[in-house]
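> This is the structure I have questions about; it appears just below.
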Amino acid sequence: STFABAPPGBPAKGAKIFKAKCAZCHTVBAGAGHKQGPNLNGAFGRTSGTAAGFSYSAABKBKTADWBZBTLYDYLLNPKKYIPGTKMVFAGLKKPZBRADLIAFLKDATA
């Protein structure tokens with residue numbers, strides 16, 4: 001399935017998913033430092049593996065995906081399949097509505 005097939009995302013639900021599944025390793029706060037994973041502020045429209053000051057794996061640098069709804073939807077299903085060799089240990093979100101909700105939150109929170 002694709003992002004176009006997903007139900008409309010709910011940013012409030014996405015915020016809860018981010019807090020439960022992502023916030024241990026990522027922040028969305030402008031100007032905040034990186035954690036275990038890169039700061040996701042400004043991620044939409046950015047090329048993967050390019051957040052200044054974060055030490056990416058070679059696989060993350062080589063992928064060069066431009067982050068938007070479609071690429072994030074595919075990536076969040078199975079990060080290790082989307083970018084083999086990524087350092088991200090997250091297994092992924094299997095439910096389309098969870099991915100759509102998280103993307104809606106990220107789009108609002110990282111702009």
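Just so you know, glycine gets a Cβ as well, placed from its N, Cα and C.
According to Swiss-Prot:
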- CYS22, CYS25, HIS26, MET88: heme c binding site (BINDING)
- SER1: N-acetylserine (MOD_RES)
- LYS80: N6,N6,N6-trimethyllysine (MOD_RES)
> Do me a favour and check the Cα-Cα span between LYS80 (N6,N6,N6-trimethyllysine) and MET88 (heme c binding site); whole Å is fine.
8
> Among the binding-site residues listed here, CYS22, CYS25, MET88, whose Cβ has the fewest other Cβ atoms inside 10 Å?
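Each of the binding-site residues CYS22, CYS25, MET88 was scored; lowest Cβ tally within 10 Å is CYS25.
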> Rounded to the nearest angstrom, how far is the Cα of SER1 (N-acetylserine) from the Cα of CYS25 (heme c binding site)?
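Given the Cα positions, CYS25 (heme c binding site) is 27 Å from SER1 (N-acetylserine).
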> Return the residue, from the listed recorded positions HIS26, LYS80, with the maximum count of other C-beta atoms within 10 angstroms of its C-beta.
HIS26
> Compute the centroid of the Cβ atoms of CYS22, CYS25, HIS26, MET88, then list the same-chain residues not in that set whose Cβ lies within 8 Å of it, in sequence order, for the heme c site.
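Going along the sequence, the neighbours come out as LYS21, ALA23, UNK24, LYS35, GLN36, GLY37, LEU40, PHE90.
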> Does anything in the same chain, at least 6 positions from the residue listed as 'N-acetylserine', have a Cβ under 8 Å from its Cβ, and if so what?
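For the residue listed as 'N-acetylserine', the qualifying residues are PRO96.
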> Just checking a number: largest C-alpha distance across CYS22, CYS25, HIS26, MET88 for the heme c site, rounded to a whole Å.
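In whole numbers, the farthest two Cα atoms are 11 Å apart.
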